[in-house]
Every structure is written in C-alpha cells, then in structure tokens.
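To start, the structure under review is shown below, and the notes come after it.
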Amino acid sequence: MWQAFKNAFKIPELRDRIIFTFLALIVFRMGIYIPVPGLNLEAWGEIFRRIAETAGVAGILSFYDVFTGGALSRFSVFTMSVTPYITASIILQLLASVMPSLKEMLREGEEGRKKFAKYTRRLTLLIGGFQAFFVSFSLARSNPDMVAPGVNVLQFTVLSTMSMLAGTMFLLWLGERITEKGIGNGISILIFAGIVARYPSYIRQAYLGGLNLLEWIFLIAVALITIFGIILVQQAERRITIQYARRVTGRRVYGGASTYLPIKVNQGGVIPIIFASAIVSIPSAIASITNNETLKNLFRAGGFLYLLIYGLLVFFFTYFYSVVIFDPREISENIRKYGGYIPGLRPGRSTEQYLHRVLNRVTFIGAVFLVVIALLPYLVQGAIKVNVWIGGTSALIAVGVALDIIQQMETHMVMRHYEGFIKKGKIRGRR
C-alpha cells in the first residue's frame with residue numbers, strides 16, 4: 001500500500017493532480033470556518049445545540065450537518081455546501097426520463113452534456129437562492145439572538161442569503177476544477193471531505209458518552225461490518241451475457257462477439273435515502289412550525305412510526321430510481337437495434353420481460369441494504385444509549401468516493417507500468 005503511494009508521486013501528472021486536490025480541499029475547509037456577515041456566532045452555537053436536542057429534528061440536523069462538513073453548526077458561507085446542486089441534478093435526471101427533449105439532449109454527446117450541465121447550474125442558482133433565503137429568514141425570525149447587535153432581521157437575511165448562495169456557487173466552481181485538474185469527481189470529493197472531517201467528532205462523542213469496553217467493541221464491529229458490506233454491495237453486479245450475430249460482407253466478418261450487460265445491486269446510490277429523508281422530515285417540520293406536541297411525539301426521529309415510514313420510503317424510492325436509470329424497454333430495444341440478443345431469448349418483448357425480472361430481483365437486495373444503512377444510526381444509538389451519529393449514509397458516500405479515487409489512481413499507475421494498489425483483479429469505479 002505504502003509503495004503504491006510512493007509510486008503515485010513518481011508520476012508527474014498524477015502527483016500534480018493529488019497536490020491540486022489537497023490544496024482545493026484546504027480552501028474548502030477554510031471556508032467552513034468563515035461565518036456569514038451579521039451573525040452572532042456565540043449565540044448561534046447555543047441555538048444550534050438547543051435545536052439539535054429537539055426530538056423531532058435532531059436526526060435531520062445531524063444528517064445535514066454531516067453533508068456540509070459541519071458548516072451548518074457554524075452557519076458559515078458554505079452552510080448549504082453543494083446540496084442545491086445535488087437537488088438540481090436529481091430533478092433534471094428524473095425529468096430527463098419523462099421529457100423526450102431532455103433525453104435527446106443527453107444523447108447528443110459532449111455538446112448535449114454541456115448544455116445539460118448549464119441547465120443544472122441555472123437550476124442550482126434558483127434552488128440555492130430559495131433555500132438560503134428560507135433558512136436565513138426562518139432561523140433569524142424565530143431566533144433573533146443569533147443576529148449581531150446593530151443588524152436587523154431583514155438585513156441579516158439579505159446578507160446571509162447572498163453569502164450562502166455565493167458560497168454554493170464557489171463550491172460548484174471548485175468542484176469542477178477538481179474534476180478537471182484533480183482526482184475523482186469534484187463534487188463527490190467535496191462531500192467526501194466534509195464527511196471524513198466529522199469522524200473525529202463522532203469518536204469524541206463516543207468517548208464523552210462514557211462507553212464501556214463491550215460497547216466500544218460493538219461500535220467498532222458495527223463500523224467495520226458496515227464498511228465491508230458497503231464495499232461488497234457497491235461492487236456487486238449481475239452480468240447478463242449479450243451475444244452479437246455474425247455478418248459476412250464480402251470477405252469480412254462482422255460481429256459474433258460476446259459481451260455482458262451489468263446490472264448493479266445498488267443502482268441509485270444514496271439518492272433513495274436523500275429522497276426519503278426529505279419526505280419523512282415534512283411532518284416534523286410542520287409540527288415544529290405549529291408547535292403541535294402530538295405530531296412531534298408521533299413523528300419523533302427514532303420513533304417506531306418514523307422509522308417504519310422512513311424504511312418504506314427508502315425501499316420504494318430504490319425501486320423507483322432503479323427503473324428510472326435502467327429502463328428495460330429502452331435497453332432491450334438498443335440490444336435489438338445493434339444486432340445483439342440474450343442467449344435463449346427472442347429479441348424484443350421476451351428480452352424486456354427478462355431484464356425486468358432480473359432488475360426486480362437484484363434491486364430487492366439493494367433496497368434491503370439501503371434500508372439497513374438508512375436506519376443504522378438510530379439502531380446503534382438505541383443499542384448503546386449514547387447520541388453518537390454513526391451514519392450509514394455518510395459511510396456509503398465515503399466508501400464509494402474512496403473506491404472511485406483508488407480506481408482512477410490505479411488506472412494512471414498501470415498505464416505507466418507501475419504496480420498499483422491492487423495486485424490481482426480490478427476495482428470498478430462508480431458509473
């Protein structure tokens with residue numbers, strides 16, 4: 001492993017990419033400590049701790065604070081991080097599955113992807129502006145102590161909205177530069193850095209919680225099993241053999257090759273969990289606004305009804321998103337169009353039904369896995385009775401991005417005849 005890292009720095013291009021990525025991440029981490037203008041930082045720290053202890057929103061705040069790398073707890077210019085961009089990307093991907101014009105745009109090659117990326121940035125600006133205004137205004141209005149002396153709520157809202165929106169767009173630009181000049185996907189790297197930066201605070205929470213030896217062993221075992229399970233499921237796929245018919249033109253023979261169609265167990269990544277988290281938080285938000293104690297207790301984070309609805313939503317969205325990004329009808333049509341077929345099946349309807357059946361079976365495993373990952377923090381907290389946010393979702397993102405980084409570094413090193421991180425086999429990057 002250490003020899004592989006040494007080899008990586010022997011390749012000038014790879015060394016420059018690694019250094020650029022580290023410098024970009026330093027800039028990202030510095031920005032997290034810059035508060036928005038007009039904020040009473042000390043008062044906000046007390047307010048955040050008080051809100052985080054509220055039964056209905058504790059899990060939601062912890063989940064979001066992990067994604068922002070702790071920026072929310074500091075109410076910094078990077079408070080929204082790249083979440084508006086992720087939301088915009090998901091919305092446009094879903095629209096592309098039902099709007100022929102967007103679907104055709106994605107099929108136009110590089111130019112189409114550039115146009116799609118431009119639409120994503122515009123939607124990010126719109127969503128980011130609305131989100132920044134809503135967060136700034138609602139928090140300042142309900143907690144006027146967080147506003148610095150001499151600044152009214154309206155002034156703070158304007159300053160905070162502009163600062164957070166500028167922070168999001170800067171991170172979007174920084175992520176694109178990392179993709180272009182660094183290692184891995186820039187947006188994923190920023191989220192990865194934010195998640196990993198929170199791990200020391202998790203360990204500190206566990207230490208201050210006074211865990212005994214047995215509870216420490218349980219906590220470490222859960223973490224190791226979770227990481228192993230994530231790697232296993234992230235890499236798992238069902239391969240369907242595709243055979244292409246041979247064509248003879250003159251003295252040349254075309255086709256006749258055999259390949260495979262991969263169907264990943266976890267097609268949607270963390271997107272089903274993000275969708276489910278957004279929906280399941282609505283009753284808690286309504287309860288907080290209306291101050292309805294019955295609704296607060298009913299949909300308390302970690303309560304039976306909350307976990308039941310959360311789990312069912314994750315299960316549903318896993319199937320829903322799998323069908324969106326892997327359309328059996330479209331794929332069977334493409335196989336037939338290019339002269340391919342699945343051995344033992346007729347092209348067309350039979351192939352489509354077979355792909356649909358395999359997709360359902362494979363997705364079931366992925367859906368059960370994501371439900372366990374989503375509910376893991378609440379199950380661990382219930383077992384050891386300590387408020388330690390061991391997030392399966394954050395681990396899923398961190399491990400996925402780490403695998404992608406290793407795969408890219410491996411490719412650079414193998415191309416230049418250096419021994420990589422893996423001596424046998426090959427890690428597949430996320431698609």
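Including glycine, each Cβ sits where the backbone N, Cα and C put it.
Note that this is a predicted model, so its numbers are computed, not measured.
Relative to the membrane, THR179 and ALA383 are annotated in Swiss-Prot as lying on opposing sides. In this chain, the transmembrane segment (303-315) lies in contact with the transmembrane segment (271-283); the count of Cβ pairs under 8 Å, excluding pairs fewer than 6 apart in sequence, is at least 3. Of the ranges 18-32, 368-382, 390-403, the one with the most Cβ pairs under 8 Å to the transmembrane segment (183-198) is 390-403. When DSSP labels each residue, the topological domain 'Periplasmic' (134-161) comes out as 21 helix, 1 strand, 6 coil, counted as helix, strand and coil in that order. By the count of Cβ pairs under 8 Å, the stretch nearest in packing to the transmembrane segment (74-95) among 18-32, 121-133, 162-178, 303-315, 368-382 is 162-178. Within the topological domain 'Cytoplasmic' (179-182), the DSSP-based counts of helix, strand and coil residues read 3 helix, 0 strand, 1 coil.
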